[in-house]
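Feature list (source: TrEMBL):
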| type | residues | note |
| --- | --- | --- |
| TRANSMEM | 12-30 | transmembrane segment |
| TRANSMEM | 42-62 | transmembrane segment |
| TRANSMEM | 82-100 | transmembrane segment |
| TRANSMEM | 106-133 | transmembrane segment |
| TRANSMEM | 145-163 | transmembrane segment |
| TRANSMEM | 169-187 | transmembrane segment |
| TRANSMEM | 199-224 | transmembrane segment |
| TRANSMEM | 236-255 | transmembrane segment |
| TRANSMEM | 262-282 | transmembrane segment |
| TRANSMEM | 288-309 | transmembrane segment |
C-alpha cells in the first residue's frame, strides 16, 4: 500500500538538500585523506561504502516497511514493470567515492567539488528533459538553462588558475565523470523510492550495488598489488559511510519534489560552501583558497536562487 510522501515547502527542501551537499564535501575530505594515509584509494572507497551497507542493513532489519519495499522492487524487476537499470544508482555512487579516495587528496576539496559540479549540472538538465527522475519530464526552459549557465560560470571562475599542469588536468577528469553519475544517481534512486515508498529501501539498494562494484574491483586489484597492512587509528577516517547514508537517503527523499536539476544545484551550493570552509579552516595540500573560489561560490548560490524561482500562475 502506498504511503504519503514527505512534502515540505520548496525552500525548506532546498536548505535540507544544501546540507546534504555539504556532507559530500565532508565525505570528500574524509575519503581523500583516508586514501592518502592508507596509500590505497580503492580500499578506502570500499570501506566507506561497505560500512554504509552495514548501517543500512541494520535499518532494513528494523523496518517492516523497508523490507516490504524491497520485496516490491524485486517483484517489479522480475515482472518487467520496473527497469533493472534504475536500481543501479549505487554504481555511480561507487565511482564518486572511488574518485574521492584517488584524486581529492591531490586536487583538494574545492577543486574536486567544482569538477563534480561541472558534470552534475550539465547532465542534470538533460536527465530532467528525458524524464529519468520520478517527477517525469521537465523541459529545459530559459530559467533552468540560465541557472546551468551561471553554475558553469561559477565552476570556471573557481577553477581558473588552479589547473596549471597536465597532471592536475588528468586527475580533474575523475570528478568530472563522477559528476555525471551524481546527477543520474538521485534520479534513479528517486524512482526506487517511489516504487518502494521507503527512502531506507532505496538507500539500501544503492549501497548493495556500490559495495559489490567496489569490492570486486578492489579484490581483483589487490590480488596483483596487495593490500594495506596498517590502518590509521583516528576514528574520523571511518565515518564516511555514515555520511554517505545521510546524503543518499536525503537526496532520494526530495528529488521528486525538486526535480533533478534543482536538487543538483542546491546540493552543489552546499558542496561549494562547505568545501570553502574546509579549505579555509583545515587546509591540506597545495590548494589555497583564492578570490576566484569565493566568487565562484557566490555565483553558484545565485544559480540555485534562479533555478528555484517558480513562474507565476496566470489566472
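Note: Cβ is positioned from N, Cα and C throughout, glycine not excepted.
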Same chain, outside the transmembrane segment (288-309) by at least 6, Cβ under 8 Å from its Cβ: which residues?
10-11, 14, 18, 110, 114, 117, 143-144, 146-148, 150-151, 153-162, 261-262, 265-266, 268-269, 272-273, 276, 279-280
Cβ-Cβ under 8 Å with the transmembrane segment (262-282): same-chain residues at least 6 beyond its ends:
13-14, 17-26, 28-29, 108-110, 112-114, 116-117, 120-121, 124, 147, 151, 154, 158, 182-183, 186, 251, 254-255, 288-289, 293-294, 296-297, 300-301, 303-304, 307-308
For the transmembrane segment (199-224), I need the partner stretch with the highest count of C-beta pairs below 8 angstroms, choosing only from 42-62, 106-133, 236-255.
42-62
Which of 42-62, 145-163, 169-187 shares the most C-beta pairs under 8 angstroms with the transmembrane segment (106-133)?
169-187
